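A short worksheet on the structure shown next.
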């Protein structure tokens, strides 16, 4: 896992300034850990209207992105990044993007992301060129740009040196298959609500145990499905039972 180059084929390259100019991803760009390059299919059209879409065969609402501008943009992206780059189409039909999948993508040196628009892109382009399809959730968006930015942000967090603290990525939600524990900062008391005493104790073993217990309990209450695919250790089972006991007694 090292530096990452991401090439994005998009009709709205300006949207990706949110990645290159703000936050952790911007810092990664400035540090040379991340490179983001956009390719606009409109730049590969030959008609005066720069047409990138057309009506779907068989009828129906909306428009479909044409193959040729997408294919020509992909050729340019491949020439710039190398033929081995994995091509990913952001699509509601794709597999759901998980932290485990993000870890796999972070192992790549380069990615080419296809951000569709309208009713989608011509299926023949997908069959000929796309290696993987990924979805960020079971809902419909206006285009693939936001999912592409979500993917870039998630992958960037795993690049060595991208985060301010070496442990930050490892302690994120889902990294260990669990939701994150609650977090607190100063003041210790606000509107009569106190920070849990254990976090002020300075006892790192007790703090670690409390955080794991909260993480397990939160996952059980909010995303029990995550526990179905995770084998709990003896300590984790004990902590979850303790959490549920304390919850029921309160």
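Quick reminder: no glycine exception, Cβ is built from N, Cα and C everywhere.
Marked as S-adenosyl-L-methionine binding site by Swiss-Prot on the basis of sequence analysis: 116, 136, 137, 138, 139, 140, 141.
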Q: Just name the winner among 136, 140, 141 (the binding-site residues) by count of other CB atoms within 10 A of its CB.
A: 136
Q | Cβ neighbours of residue 116 (S-adenosyl-L-methionine binding site) where a neighbour is any other Cβ within 10 Å | A | 26
Q.
So if I draw a 10 Å sphere around the Cβ of residue 139 (S-adenosyl-L-methionine binding site), how many other Cβ atoms end up inside it?
A. 7
Q | Pairwise Cα distance maximum in Å, S-adenosyl-L-methionine-binding residues per record: 116, 136, 137, 138, 139, 140, 141 | A | 16
**Q.** binding-site residues compared (137, 138) - highest count of Cβ atoms within 10 Å
**A.** 137
Q: According to DSSP, folded down to helix, strand and coil, what is residue 116 (S-adenosyl-L-methionine binding site)?
A: coil
